[in-house]
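Here is the structure we will look at, set down as C-alpha cells.
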C-alpha cells in the first residue's frame with residue numbers, strides 16, 4: 001500500500017511538472033518562440049519505441065507493487081525495477097485490462113494547443129535557413145513546392161493516424177496500433193511480420209544520424225565564416241565542435257537532454273529576429289525581378305529534398321496523437337500548424353532571397369554583414385550543439401534496442417551489464433558514432449547537399465511514400481475513390497521526386513567527395 005501511495009504521489013508531481021512546462025510553452029508560443037526544433041527535439045524525444053517501452057516499464061512497476069502489497073508472492077529480485085530491455089515478466093495477477101487502465105492514468109495528457117506546439121517545433125527549426133537556397137534554384141516553383149509539401153505532409157500525417165484505428169465487432173472505431181513501426185509490421189503481416197518495422201527503423205536511424213552530421217557541418221561552416229581571419233579551417237572547426245559533443249556518448253536518459261530545449265528556443269528566437277530585421281531594413285533594394293518562373297534542372301531536385309526535409313514530423317505523430325486529451329482535435333491541429341508553417345517558411349524564404357538574390361548561399365546567415373554575421377552564427381552554433389544530443393541519443397537507443405537488446409533476436413550481446421551500467425565496448429561504440437558524424441562532416445562539408453539527400457531518401461519515404469502505401473494496404477476497402485486517387489498520386493509524385501532528388505544529391509556528394517580527396 002505504501003508503494004502504491006508513493007507511485008500515485010509521484011504521478012501527481014509529474015502532472016504538476018508537465019502543467020508548468022505547458023504553461024511555459026504556451027507563453028513562448030504566444031511570443032513567437034519556437035523550441036528545440038525539427039528532428040532535433042520533439043521528433044526524437046518522443047521516439048515511438050522508446051516512449052512506449054518506458055511507459056510499459058512504469059506500468060509494470062505499479063502492477064507488481066500492488067500484487068506484492070495484496071499478499072501475492074514476492075517478486076523476484078530485480079523484477080520490481082524497470083528493465084531497459086523490457087523483458088521483465090508480468091505477474092499473473094496483472095491482466096491486460098489492468099495495464100490499459102493504468103496507461104490512461106499514469107501519464108499526463110496534452111491539449112491540442114500543446115500538441116500543435118510540438119508539431120510546430122518539429123517542422124520549423126534551424127533547417128529553414130536552407131530554404132532561400134531552394135528559392136534560388138526554383139524561383140516561384142520553389143515557393144509553390146513549399147506550399148505543396150505542407151499540404152501533402154498534413155494529409156499524410158492524417159492518414160497515418162487513420163492507420164492506427166480499425167472497426168471492432170460492434171462497429172466502433174478503436175485504436176489497435178501505437179506507433180509507425182506497428183503500422184509497418186501490420187502491412188507486412190503475415191508473411192513478414194517484422195519486415196516493415198525494420199525498414200522504418202532503418203529509415204529513422206539514417207535520418208537521425210544524418211541530422212547529427214548536419215549539425216557538425218553547419219557548426220564548422222558557421223564558425224569558419226564568422227572568423228575568416230583566424231588561421232583555422234572549416235575542418236578544424238568541425239573537429240573542435242565534435243570535441244565539445246563527445247560527452248554525448250555518456251548520456252543515460254532523455255532527462256538531461258531535454259533540459260537544453262529552452263536554451264535552443266532562446267537561440268532560435270534571437271536568430272530569426274536578427275535575420276528578418278536585417279532583411280526588412282533592405283526592403284528598398286529587394287530584387288523582385290530575380291524571382292522567375294524557371295528552375296535549375298540540375299540543382300532544383302536537391303531543393304525538393306531540402307523542402308521535404310524541413311517538414312518531416314510523421315515519425316512521432318502516432319505517439320503525439322495517443323497522448324492528446326481529445327484525439328478528435330488532431331485533424332484541426334494538423335491543419336493550423338501546417339498552414340502557419342507554410343506561411344512562415346514561404347515568407348522567410350522569399351524575403352531572404354529578395355535581399356541577396358543570386359548571391360544567396362546554402363546557409364542564409366553567411367550572407368549577413370561580418371558585424372552581424374558573427375553574432376548570429378555564434379547563436380546558431382550554440383543551437384546546433386545544444387540540439388545534437390537529441391537525435392544522437394535517439395539513434396543510439398534505436399541501435400541498442402535493435403542490435404543489442406532485442407531479446408533472443410538480438411544480433412550482438414547486450415551492451416549493458418546486470419547492474420544496468422553501460423559496458424566499456426558499448427561506450428566505445430557510442431564514441432565511434434560521434435567520430436563517424438565528424439568524418440562525414442569533414443569529407444562532405446556541404447549543408448545543402450546533405451540536407452537534400454536526407455530529405456529525398458528518408459524524408460520523402462517517411463512523409464510521402466510509406467503513409468500513402470500503408471493507407472491503401474490497410475484501409476483500401478473503406479476508402480472513397482478520391483482518397484485512393486490522392487494516395488496513388490502522392491505515392492507516384494513522391495517516388496519521382498525522391499528518386500530524382502536522391503540521384504542529383506548523390507552525384508553532387510560524389511563530386512564533392514572527389515574534390516576534397518584531391519585537395
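Using the three backbone atoms N, Cα and C, a Cβ is placed for every residue, glycine included.
If you check TrEMBL, you get these features:
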- 109-505: domain 'Amino acid transporter transmembrane' (DOMAIN)
- 66-98: region 'Disordered' (REGION)
- 141-165: transmembrane segment (TRANSMEM)
- 205-224: transmembrane segment (TRANSMEM)
- 260-280: transmembrane segment (TRANSMEM)
- 300-320: transmembrane segment (TRANSMEM)
- 332-354: transmembrane segment (TRANSMEM)
- 374-399: transmembrane segment (TRANSMEM)
- 427-444: transmembrane segment (TRANSMEM)
- 450-472: transmembrane segment (TRANSMEM)
- 484-503: transmembrane segment (TRANSMEM)
Task: Six or more residues out from either end of the transmembrane segment (141-165), which same-chain residues have a Cβ under 8 Å from its Cβ atoms?
output: 123, 131, 134-135, 173-178, 180, 182-183, 186, 293, 295, 300, 303-304, 307-308, 310-314, 317-318, 321-322, 330-331, 334-335, 338-339, 341-342, 345-346, 349-350, 463-464, 467-468, 470-471, 474-475, 483, 486-487, 490, 494
Field: Which of 205-224, 300-320, 427-444, 484-503 contacts the transmembrane segment (374-399) most, counting Cβ pairs under 8 Å
entry: 205-224
- prompt: Going through 205-224, 300-320, 450-472, 484-503 one by one, which has the most CB pairs that fall under 8 Å from the transmembrane segment (427-444)?
  reply: 205-224
Query: Which bits of the chain, at least 6 residues beyond where the transmembrane segment (300-320) starts or stops, bring a Cβ under 8 A of a Cβ in it?
result: 38-39, 42-44, 46-48, 51-52, 110, 115, 118-119, 122-125, 127-128, 130-131, 133-135, 137-138, 141-142, 145-146, 149-150, 153, 156-157, 160-161, 164, 177-180, 182-183, 200, 204, 207, 338, 341, 345, 448-449, 451-460, 462-464, 467, 497, 500-505, 508
